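**Q** There's a structure below that I have some questions on.
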Amino acid sequence: MPPRPCQLCSNNRAMIKRPKTGQQVCKECFFFAFEEEIHKTISDANTFKRGERVAIGASGGKDSTVLAHVMKTLNERHDYGLELFLLSIDEGITGYRDDSLETVKRNKEQYQLPLKILSYNELYGWTMDRIVEAVGKKNNCTFCGVFRRQALDRGASSLNISHIVTGHNADDVAETVLMNILRGDVSRLGRCVEITTRGEDTINRSKPFKYTYEKEIVMYAYFKKLDYFSTECIYSPEAYRGFARTYIKDLEALRPSTIIDIIHSAENIRISEVVQDALPKQQKCQRCGYISSNELCKACVLLQGLEKGTAKMAIGSKAKHVSQEVSSDTRTIPMFKMPDQQVRNNQTNQTNQAKQSV
Amino acid sequence: MSSVTRNLNVEFGGGLEILFNHQRQIKLVVSAQGRNPTVRDLIKKLADEHINERRELFIEGDTVRPGILVLINDCDWELRDELDGELEDGDVVVFISTLHGG
Ligand code: SF4
Ligand SMILES: [Zn+2]
Ligand SMILES: [Zn+2]
């Protein structure tokens with residue numbers, strides 16, 4: 001097979017076929033194009049402010065490892081002036097998270113970034129191992145998802161950070177779009193494709209990889225020999241999401257642009273005002289101060305269920321119906337405080353929407 | 001008809017190694033009758049002789065499951081005729097799953 005030249009530099013041999021464009025490029029051109037596309041996504045959306053403290057949600061997996069590498073590279077190359085941190089959540093899953101945290105600790109050294117690890121046990125008094133013991137293997141991901149979201153915000157807040165970047169890639173976003181359609185969750189449909197979700201009482205969340213294909217992230221990690229962890233969680237994820245994922249991958253194999261087409265579709269859907277008005281109003285959880293659409297936030301409801309041994313009932317039931325009293329010996333989540341920086345930013349930024357992000 | 005054989009170095013990454021007895025690298029010989037062995041032959045051999053269980057996590061029909069990347073001597077197999085790509089002696093073929101972890 002004769003080597004084909006790179007379509008960008010016409011010098012080196014092409015090694016990769018880019019899924020979005022079909023372009024055939026060499027390693028060096030691939031690295032540069034990959035990084036600069038992420039820079040474009042970030043800068044077109046004015047994602048960061050100079051001097052901002054930004055936490056990279058780091059799991060040790062491929063996406064967040066590549067994200068840490070690329071954020072550090074771009075911060076230096078384009079002089080974003082960001083202060084970067086690694087923020088990891090320890091869910092307390094023996095044989096899975098303990099190993100992946102070792103990867104994050106190595107990343108800390110490799111990238112010379114400060115690392116903060118916050119555990120479910122520290123915050124909620126429960127590890128995922130114990131939660132699974134209590135609720136079984138059916139709803140564990142519901143607990144894990146709700147707890148992780150808050151844990152990340154609380155970890156960031158403890159570092160006085162008001163902006164978190166996560167490694168969600170284009171394949172993940174397309175999958176979420178599909179899930180939101182399948183669940184009829186129209187209000188989340190628009191928000192799940194936004195690069196940044198902001199709110200007065202929430203920490204900003206951004207997805208610099210929203211247009212970045214999973215294939216390219218893995219190729220990048222492979223060619224750059226980045227150190228990442230790739231074992232499946234021992235409490236396998238929800239079956240429903242698994243189907244959505246397989247479906248997306250099958251479509252992508254037939255026509256790679258499918259991923260970006262799904263994202264563009266969701267970006268261009270205009271959600272009717274009727275639906276927007278029907279969105280629950282955001283308030284602060286009466287028990288822990290975290291943003292919530294009910295008097296109690298989901299984490300407090302789930303935690304209360306665990307403490308009372310009625311966890312299975314808490315899922316799907318409305319938070320309103322859960323009693324407000326907590327006996328003095330049950331565990332509650334510490335009060336949530338927004339970082340000072342965020343308060344200042346929001347005073348000068350009146351355009352922020354007061355909606356909780358997805 | 002004479003048999004054509006190829007000595008190959010095969011590597012697994014991204015969690016695929018779990019399917020192959022936690023081996024990250026194996027050496028193997030692929031052969032074909034009267035023609036050059038291809039990536040299709042290699043995938044079949046791997047699925048038939050080297051996976052103990054959960055074969056469907058690697059192979060779908062006669063190709064790899066969507067979401068598994070294939071590189072031959074570090075070159076994306078999509079630039080090398082994919083399944084029909086012919087293999088040379090000493091080729092390094094890497095299979096990486098993109099499906100695990102975030
Ligand atoms: S698969 Fe479920 S339990 Fe495991 S880390 Fe993910 S959300 Fe948590
Ligand atoms: Zn090039
Ligand atoms: Zn709460």
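Positions of Cβ are set from backbone N, Cα and C atoms, glycine also.
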**Q** Have a look through A:Ile38, A:Ile89, A:Ile195 and flag the one TrEMBL assigns to the ATP site that A:Gly57, A:Ala58, A:Ser59, A:Asp63, A:Gly167, A:Asp172 belong to.
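**A** Same ATP site in TrEMBL: A:Ile89.
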**Q** If proximity means a C-beta under 8 angstroms from chain B, which of A:Ala58, A:Ser59, A:Asp63, A:Ile89, A:Gly167 count? These are the binding-site residues.
**A** A:Ser59, A:Asp63, A:Gly167
**Q** Other than its close neighbours in sequence, what residues sit by the domain 'Cytoplasmic tRNA 2-thiolation protein 1 C-terminal' (A:283-314), given a CB gap under 8 Å and a spacing of at least six beyond its ends?
**A** 124-126, 131, 134-136, 139, 142-143, 146-147, 150, 153, 199, 201-202, 320, 322, 324, 326, 330-337, 356
**Q** For the domain 'Cytoplasmic tRNA 2-thiolation protein 1 C-terminal' (A:283-314), what's the model's average pLDDT?
**A** 86
**Q** DSSP says what for the domain 'Cytoplasmic tRNA 2-thiolation protein 1 C-terminal' (A:283-314): how many helix, strand, coil residues?
**A** 15 helix, 4 strand, 13 coil
**Q** Would you identify the secondary structure of A:Ala58 (ATP binding site) according to DSSP, in three states?
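**A** Reduced to three states, the DSSP call for A:Ala58 (ATP binding site) is coil.
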**Q** A:Asp63, A:Asp172: which of these binding-site residues has the highest Cβ count within 10 Å of its own Cβ?
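**A** Output for this query is A:Asp63.
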